[in-house]
Structure formats: structure tokens, C-alpha cells
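The annotation O2 binding site is assigned in Swiss-Prot to Tyr4 on the grounds of similarity to another entry. Feature annotation from Swiss-Prot assigns transmembrane segment to 28-48, 65-85, 98-118, 140-160, 174-194, 212-232. Residues or ranges marked as Cu cation binding site in Swiss-Prot (evidence: similarity to another entry): His50, His51. The Mg(2+) binding site feature in Swiss-Prot is assigned to His128, Asp129. Feature annotation from Swiss-Prot assigns heme a3 binding site to His136; the stated evidence is similarity to another entry. The Fe(II)-heme a binding site annotation in Swiss-Prot covers His138.
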Amino acid sequence: PEVYILILPGFGMISHIISQESGKKETFGCLGMIYAMMAIGLLGFVVWAHHMFTVGMDIDTRAYFTSATMIIAVPTGIKIFSWLATLHGTQINYSPSMLWSLGFVFLFTVGGLTGVILANSSIDVTLHDTYYVVAHFHYVLSMGAVFAIMGGFVHWYPLFTGLAMNPYLLKIQFFTMFIGVNLTFFPQHFLGLAGMPRRYSDYPDIYTSWNIISSLGSYISLIATMLMLMIIWESLINKRIILFPLNMNSSIEWYQNLPPAEHSYNELPILSNF
């Protein structure tokens with residue numbers, strides 16, 4: 001269940017970012033989003049043997065674990081389409097945090113599709129312990145969870161520090177990172193389909209070309225990561241203090257000064273619009 005729980009904080013951040021950047025007070029299908037996360041969390045406990053399709057389970061067991069694993073894709077898909085429905089009808093503002101969110105939705109979907117493919121026990125017998133699995137879980141983790149973390153960081157950095165990062169550099173950094181991670185992990189689908197196994201330190205020469213491209217992508221990602229650190233450093237050095245936030249006040253946290261002062265409220269704030 002660990003990997004399904006791992007993505008839940010990311011889901012929450014993406015919901016916050018997308019609803020706020022859309023200028024809406026909540027996501028589409030707010031209650032359905034909550035039930036979807038509960039369903040993902042609960043189903044995560046009854047699908048463990050999808051890691052064990054190659055150990056010789058009988059056909060009924062394989063059929064069950066294939067089906068149960070695929071059912072996890074349903075609430076996940078509900079979340080994806082609810083985010084898209086939240087964006088519907090708004091003029092999309094391609095701010096850095098919005099770019100990270102859109103990148104998250106797209107790449108997490110790609111990782112989810114390869115996950116549905118791997119859920120098939122008959123196919124998984126061939127693909128088990130190949131780089132296809134590595135490509136799958138890096139699309140949902142290195143481009144799902146990490147993109148959510150990056151999106152959350154650039155979105156709430158002004159709230160935590162009261163300083164602005166350079167949005168132009170942030171966009172350059174996003175696209176550099178996007179190209180880097182895709183160049184790293186997309187060829188691994190091909191390596192897996194060609195039968196390259198996981199957890200070996202060396203490989204036959206036939207796999208060299210895709211591995212070179214994958215390595216090039218990792219260098220690009222490294223450059224993008226260093227660029228991000230440089231952007232944070234530049235922000236802290238130049239101290240561009242935010243005087244007039246342009247945020248839609250769909251959330252109470254943006255009403256205060258940035259960063260919020262101690263004892264901001266004389267009384268408990270009233271919650272409305274459930």
C-alpha cells in the first residue's frame with residue numbers, strides 16, 4: 001500500500017493549486033475526490049500479489065489480483081478527470097505552479113496507463129523485473145510525486161517566505177526538467193519491451209543506444225535541479241518582497257501578509273461555503 005499512500009499528499013497539493021489557479025473555490029466533484037482518495041487507500045491493501053505474478057499462483061488468484069489492481073485505476077481516473085473539469089471554462093494562466101500541475105496530470109496519467117498494462121498477469125509474466133516496470137513507477141513517482149512536490153514548493157514559496165522567485169527562470173527550469181525526466185524514463189519502456197532486466201550492473205550491447213539517451217536525460221535533469229537551487233538562491237539574495245499578491249482569495253491562507261504574521265486573527269475565522 002505504501003506507493004498508493006505516497007501520492008496522496010501530492011494529490012491534495014495538486015487539487016489546491018489547480019482550484020486556486022482556476023479561480024474557483026473548490027475542485028470539481030469535491031466529495032467525489034475525497035471518496036476517490038479513500039478508495040485508493042483501501043484498495044491498496046488488497047492488491048499486494050500483483051508483484052508476484054511470476055511465482056506460480058493459480059489462475060483464479062491471478063484473475064482476482066489483476067482485476068483488483070485495475071480497479072485502483074478507476075478512482076485515480078476520477079481524480080484526473082475532476083482536475084480537468086476544474087480547469088474547464090477558465091482561461092488557463094501558465095504560471096510556474098500551473099505548469100507543474102499540468103505536467104503532473106499528464107505524466108501521472110502516462111504512468112497510470114503503463115500500470116494498467118502491468119496489472120494484466122499474463123503480460124506481467126513477460127514484463128516482470130524488466131525496465132518496463134522501472135519506467136512505470138518512475139512516471140508515477142519521479143514525475144507524479146516529484147512534480148507535485150515541485151509544484152507545491154513554487155506555489156507556496158511566496159507564502160512561506162514573502163519573496164518572489166523569478167517566474168521566467170522558473171518556466172525555463174520546468175521545461176528543462178520536463179525534457180530531462182522524459183528523455184531519461186521514456187526509453188526505458190523500449191528497453192523493458194526488449195527484455196532488459198532490472199538490477200543488473202551491466203547489459204548486452206544491443207541496449208546501449210537507449211541507455212545512452214536515458215543517461216543524457218539524467219544529465220539534463222541534474223542541470224535542471226541545479227538551476228532550481230540557483231533560482232531559490234537568487235530569490236533569497238535579491239529579496240523581491242511581495243507587496244500586492246494577485247492571488248484569487250479562494251483560500252483563507254492568502255488573506256494575510258506574506259509571510260503571515262504571528263497572531264493574525266483576533267478571533268477564530270468563520271468557515272463557510274462547504
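Cβ atoms are placed via backbone N, Cα and C, with glycine included.
Counting only the Cα atoms, the space from His138 (Fe(II)-heme a binding site) to His50 (Cu cation binding site) is about 17 angstrom.
For the transmembrane segment (212-232), the residues of the chain that approach it from at least six positions outside its boundaries are 150, 157, 165-166, 169-170, 172-173, 176-177, 179-185, 187-188, 191, judged by C-beta separation under 8 angstroms. When the binding-site residues His51, His128, His138 are compared by the number of other CB atoms within 10 angstroms of each CB, His51 has the fewest. Scored by C-beta pairs under 8 angstroms, the transmembrane segment (140-160) has its highest count with 98-118, from the stretches 28-48, 65-85, 98-118. Distant neighbours of the transmembrane segment (174-194): 96, 99-100, 103, 107, 114, 127, 130-135, 138-139, 142-143, 150, 206-207, 210-211, 213-214, 216-225, 227-228; these residues of the same chain sit at least 6 beyond its ends, with a Cβ under 8 Å from one of its Cβ atoms. Counting every protein chain shown, 20 other Cβ atoms lie within 10 Å of the Cβ of His50 (Cu cation binding site).
Sequence-distant contacts of the transmembrane segment (28-48) (same chain, at least 6 residues past either end, Cβ-Cβ under 8 Å): 1, 3-5, 8, 11, 15, 65, 68-69, 71-72, 74-76, 78-79, 82-83, 85-86, 88. A 10 Å cutoff on Cβ-Cβ distances gives Asp129 (Mg(2+) binding site) a total of 14 other Cβ atoms nearby, all chains included.
A C-beta separation below 8 Å, combined with a sequence spacing of at least six in one chain, links Tyr4 (O2 binding site) to Ile40, Gly41, Leu43, Gly44, Ile72. Around the Cβ of the residue listed as 'heme a3 binding site', the number of neighbouring Cβ atoms within 10 Å comes to 24.
Across the structure, Asp129 (Mg(2+) binding site) and His50 (Cu cation binding site) place their CA atoms 12 angstrom apart. Reported as a whole number, the C-alpha separation between the residue listed as 'heme a3 binding site' and His128 (Mg(2+) binding site) equals 11 Å.
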